[in-house]
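The transmembrane segment annotation in TrEMBL covers A:7-25, A:37-55, A:62-81, A:87-107, A:114-132, A:152-170, A:197-217, A:237-262, A:274-290.
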Amino acid sequence: MKKSKQFWLFIIAAVLVYAVVQFFIANGTMNQFYSNTFIFIAINIILAVSLHLVIGITGQFSIGHAGFLAVGAYISAIVTMKLDLPFIVAIIVGGMVAALAGLIVGIPSLRLKGDYLAIATLGFAEIIRIVFLNIDYVGGAAGMQVSHLTTWTYAFVCLVITIIVIVNFTNSRHGIAAISVRENEIASDAMGINTTYYKVAAFAIGSFFAGVAGALYSHNFYIIQPSQFGFLKSFDILIFVVLGGLGSLSGAVLSAILLTVVSTYLQGYPETRMIIYSLVLILVMLYRPKGLMGTMEITDYFKLWRTPKGGDQHGK
Amino acid sequence: MENKPLLEVKNAGIQFGGLKAVQNLNIKLNQGELVGLIGPNGAGKTTSFNLLTGVYVPTEGDILFNGERINGLQPFKVTRKGISRTFQNIRLFNELTVLDNVKVAYHSLATHTMLSSILRLPSHFKGEREMEEKALEFLRIFKLEKYKDELAKNLPYGQQRRLEIARALAAGPQLLLLDEPAAGMNPQETHDLMNLIGFVREKFDLTILLIEHDMNLVMGVCERIYVLDHGQLLAEGSPEEIRNHPKVIEAYLGEEVHDDNA
């Protein structure tokens with residue numbers, strides 16, 4: 001009852017945000033620059049939320065997310081540019097191939113833990129990038145021409161689907177199993193949870209949405225190049241998740257919005273851009289060491305405002 | 001019924017490099033028994049538990065559970081066969097609520113799939129409701145109901161131990177392995193724990209194997225005791241026999257000084 005009310009509130013809020021932004025884009029109040037910023041925010045939120053599932057929920061420290069972004073970007077570009085199929089097909093195929101790449105990378109590397117896993121995923125992401133760099137079919141280092149197909153509608157619908165899927169996953173026995181892997185893998189195993197299965201599953205779902213984001217990303221520019229998907233891109237996504245607070249989905253969303261806006265507005269000051277961006281990160285980490293939201297969700301704050309009734313679960 | 005032991009460990013052992021941590025381990029547990037496993041520090045008690053639960057794969061020997069070979073199975077499969085355990089150093093899921101901690105143990109008994117959860121199909125709601133009801137029932141039995149929305153890390157120490165036992169039982173085991181359940185407890189808490197162990201044994205028709213350093217507890221509740229030292233079984237018998245066993249006394253208190261040593 002309570003949960004479904006929350007769900008419909010979310011849908012209403014989403015429709016409102018969509019309608020307002022779409023209205024301003026349609027009547028021309030918002031120029032190309034602003035609408036692009038909004039699309040870019042949506043893409044970054046998808047990336048942040050998908051990595052949140054892997055790092056924040058399942059506790060697997062993966063820093064190769066840009067690799068799956070690249071897979072989605074290139075595969076979807078091939079689908080639209082070389083095969084002349086519609087964009088919606090490209091998004092789905094991009095996501096699925098990225099999920100497949102996630103499985104291939106995840107099954108061997110998720111046996112590792114902590115730092116070792118981080119290094120392995122980073123390595124795999126670089127391998128993916130180098131592979132694209134050396135395939136002439138997709139243009140090699142010069143890159144590949146992609147037509148501009150991403151609209152605010154596509155980006156926003158993908159974003160909403162991503163959030164719903166990941167929230168639904170988290171608030172189920174499967175999500176609890178994944179969190180138990182994060183909290184204590186040995187105990188989780190001893191409680192009959194197939195820990196490898198959940199690690200790989202979370203990794204594959206995360207990769208799927210990274211691939212979807214990749215499809216939106218490549219069709220938002222006119223060209224994609226392997227250099228856009230280097231490890232710095234992976235770290236950008238990682239920063240969204242860490243800055244938002246590990247384990248908090250709304251934190252990941254907030255920090256993705258905040259950092260995208262900050263870095264967009266700083267484009268006018270290329271000399272000081274990275275300094276100010278870094279200062280923002282340092283300040284947030286000084287004053288909110290557990291991230292913007294810690295492990296709380298926005299809905300927890302709503303609950304705090306009301307008188308405590310009891311019976312409601314924490315973190316849901 | 002007596003002839004068919006629930007758990008039979010035959011000459012099991014494990015070697016780490018050149019170190020034989022446990023060797024020639026022979027344990028037989030009959031249905032419904034409460035058995036203790038004691039020994040000085042470093043004797044290999046927890047290693048034995050790890051062998052039984054699949055954390056380590058024995059390098060020699062066999063482990064039979066209900067007549068079925070279980071060595072080499074992964075830990076989660078061993079748990080699904082019906083062996084569950086608690087840990088020497090508490091391993092709760094700290095950032096999950098008390099209720100969710102117990103739900104995790106129910107996970108392998110639930111059937112709704114990941115897809116049904118993502119699409120929020122009716123089977124998801126039904127499955128989740130059943131899990132929640134069963135988990136609440138367990139908390140009620142263990143008098144942890146009032147803590148259900150509390151994060152596990154915020155519970156007092158004694159209650160954490162209780163929750164760990166509750167969680168282990170929620171996985172539906174036939175055999176429960178308790179690794180030093182009374183560690184760090186005061187005499188009153190230990191006493192309560194003894195009652196609890198007796199209670200769950202009756203209630204769930206369990207067989208229990210218990211590692212413990214608190215001799216009052218071991219001698220008080222166990223029917224039979226195995227003594228380990230240096231990775232080998234030293235003695236086996238009733239509490240009375242163990243108490244007077246010369247080798248056991250030697251292992252705990254040291255040898256008598258003989259003249260030829262001087």
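Cβ from N, Cα, C; glycine included.
Any TrEMBL annotation is an automated prediction that lacks curation.
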Mind checking which residues of the chain, 6+ beyond the ends of the transmembrane segment (A:62-81), have their Cβ under 8 Å from one of its Cβ atoms? 47, 50-51, 54-55, 87, 89-91, 93-95, 97-98, 101-102, 105, 117-118, 121-129, 132, 137-138, 144-147, 149, 203, 206-207, 210-215, 217-219, 224, 226, 228-231, 233-235, 237-238
Counting Cβ pairs under 8 Å to the transmembrane segment (A:197-217), which of A:7-25, A:152-170, A:237-262 comes out on top? A:152-170
Contact set of the transmembrane segment (A:274-290) with the rest of its chain, CB cutoff 8 A exclusive, min separation 6+ beyond the ends, reads 239, 243, 245-246, 255, 259, 262-263, 266
Cβ pairs under 8 Å between the transmembrane segment (A:7-25) and the transmembrane segment (A:114-132), at least three: no
State the non-local partners of the transmembrane segment (A:152-170) in its own chain: residues 6+ outside its ends, Cβ under 8 Å from one of its Cβ atoms. 10, 14, 17-18, 21-22, 25, 35, 38-39, 42-43, 45-46, 49-50, 52-53, 57, 87-88, 91, 178-179, 205, 209, 212-213, 216, 220, 249, 253
Per the Cβ filter (under 8 Å) with a sequence gap of at least 6 from its ends, the transmembrane segment (A:87-107) is approached by 64, 67-69, 71-73, 75-77, 79-80, 121, 124, 128, 149-150, 154, 158, 199-200, 203-212, 214-216, 219
